[in-house]
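Summarising the annotation, TrEMBL assigns transmembrane segment to 31-52, 88-107, 113-133, 154-172, 178-198.
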């Protein structure tokens, strides 16, 4: 969920900008900062509170922590607000923690919709982080026409990750044996081939060698997510 929020607020509406000065390409800095926030710090904090059954005082403490971190980043000039306000952070982080509690409750109750959406989001998490890693080491780039902008790449990449994650999570849900994994693998390679045929991807030669292996690893992770959600979680 955090990824979708970040895509809308950062990529579409450009509410703020990260500038940690880690990469030579400034847009990579922006996406890297967003990924750390929405892929690690916020969701892992929510999971930590769920596991430890944190009360509202602990949730308030962590909300305050994220607000203070934002203020510090603003003062250090590694984070810039455009039209975003810190009070928006306070509101949305509180809403996120509340929704996370309700989501985890329904997940433990074996709600079928929440179970599948959880499988999809966890698959999307792994696929997105994999594609981000390839982007940061400049192994591939997506876009239209002769020249691909980085903003264009990240917008298309978001849809690519969704197009990988929805079918793959469905294939594993319907059949968690080798047949489901094979169907997911075929879909992933087919989508990659389509992008190449449509000339929507520019990639280093090594990308084509390692990508099938990485797809198998990602599908294996989806199978582990399935096992946790549908069999292990009580």
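Using the three backbone atoms N, Cα and C, a Cβ is placed for every residue, glycine included.
Beyond its flanks by at least six residues, the transmembrane segment (31-52) meets 2-3, 5-6, 10, 18-20, 22-23, 58-59, 62, 66, 78-79, 93, 96-97, 100-101, 104, 125, 128-129, 132, 135-136, 154 of its own chain at Cβ-Cβ distances under 8 Å.
Same-chain residues lying 6+ beyond the ends of the transmembrane segment (88-107) with a Cβ under 8 Å from its Cβ atoms: 1-2, 5, 42, 46, 49-50, 59, 62-63, 66-67, 70, 114-115, 118, 229, 233.
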